[in-house]
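Annotated features, as they stand in TrEMBL:
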DOMAIN    219-325  domain 'FAD-binding FR-type'
TRANSMEM  14-36  transmembrane segment
TRANSMEM  65-88  transmembrane segment
TRANSMEM  100-119  transmembrane segment
Amino acid sequence: ASKKTRRLLDKSKTFHVTCGVTICIFSVLHVAAHLVNALNFSENYNEDFLALNAANYRGEDPRKLLFATVPGLTGVIMVLVLFLMCTASTYAIRVSNYDIFWYTHNLFFVFYMLLMLHVSGGVLKYQTNLEEHPPGCFNPNKTLQQNTTTPKAFEEPFPDYTTEPFPEDLPVPEPSTQNNFIRICSKEPKFQSHFPETWFWISGPLCLYCVERLYRYIRSNKPVTITSVISHPSNVLEVRMMKDDFKARAGQYVILHCPRVSALESHPFTLTMCPTDTKATFGVHLKVVGDWTERFRDLLLLHSNQDTEILPIFQQRRYPNVHLVSPTSQSSHVSLQGCRAGGTSLYLMLCSHDSMSDGWKFYKLRRLYFIWVCRDIESFRWFADLLCMLHNKLWQENRPDYINIQLYLSQADGIQKIIGEKYQALNSRLLIGRPRWKLLFDEIAKCNRRKTVGVFCCGPNKISKILHKLSNSSNSYGTRFEYNKESFS
């Protein structure tokens, strides 16, 4: 049950996107309907029930209803805010300039405030005196008050209506004839605006959001101490930190916030080093791919444009203050990994095995299939040292088959750069092309009959869909695959 719950929570981002798309679709329908309403309020001005009119007179410019009233003006601003949020949420904007996405997405608070004001204009009304003035009744006094010609049938006072039995010698009128009698009422209809109820539906989620933000602030109030920064090849940066009473497990991630980089912006990073009983240091690896990571790197390193070597470069300096939210869980217990360059969870899995002697006794993996797909040879370089070190350690422990490493290179240029004496162990494991996933799953299922194999993917959605489909498909060996994907939801 707990695994299913965690997987369901991993879908929170998908649920969020679905809700956003649904809001956009129904907002378009809502706006279109109100544009038609603005024309109807102007052209079909009701002379009989003046209180029901949104327009002040017949033929009033509909643009005044849109820009000179509280419902109209707040609606226009909400449409503009929603348009900015939707367009800035596209993949192209998020990749090119994440700041635009981040700041426009936080306009949701303005959107909800306007939404609560949107219904305060009193356009929607209901009748309060239905008993004195039932729908469809006629009030003759209204005609006299308006100085109009009164029908002769209503010039004399109306006698009190009394119910008498219908004469037995006359035929009973048809129902249609009975319905033609006019009901008389003596009072005018009274209308009152609906009490706004939007706050009732919005206040709950907003309160939860504020509580969550306050909880984050309390947990991240104390800055962490950056002990060292290591610059790896392929624009990969490793940040090692310490914090009092910090506890974490493999597979969890933290949310980093650096005020000197951005006052509001923060990002999640998978922990690649967790504290143990004998070592309080923890760390993350981050790929420098955007403006936030570039500015963060510039603050951490002495020279952001310096050449990197295969071996890490240690930088010692006064580091900026960094705040983080305590670790959050994600699916992490795996046996098979389909991944790409920059897969920090994969790094953690191998590091955790290398650190078992420091308290990582809870891992019960029988075998680890490590599949890594990259476009170019440079993407392997920052990971090559750890792979070789782990390979040599397993050979010394007489467990060479514990981990099955398969490296796939999409482009063959420069393959000789990683193959040498230092990386001889990776020579036979470096393949050209892409994995044949179906054959790979069949081979693993054959070697693990009637067992459960965890699949963990850290990579693009295209590979994720393939692995997810293969994990859910049946096989003749009785092997069950449990699919997990790195998620920061």
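Including glycine, each Cβ sits where the backbone N, Cα and C put it.
Curation does not apply to TrEMBL; its annotations are automatic.
For the domain 'FAD-binding FR-type' (219-325), the mean pLDDT of the prediction comes to 77. DSSP places the residues of the domain 'FAD-binding FR-type' (219-325) in helix, strand and coil in these numbers: 11 helix, 41 strand, 55 coil. Beyond the transmembrane segment (100-119), the same-chain residues lying 6 or more positions past its ends with a Cβ under 8 Å from any Cβ of the stretch are 70-71, 74-75, 77-78, 81-82, 84-85, 88-89, 93-94, 194, 196-199, 202, 206, 262, 264-265. Sequence-distant neighbours of the transmembrane segment (14-36) (same chain, 6+ residues past either end, Cβ-Cβ under 8 Å): 75, 79, 82, 85-86, 89, 489.
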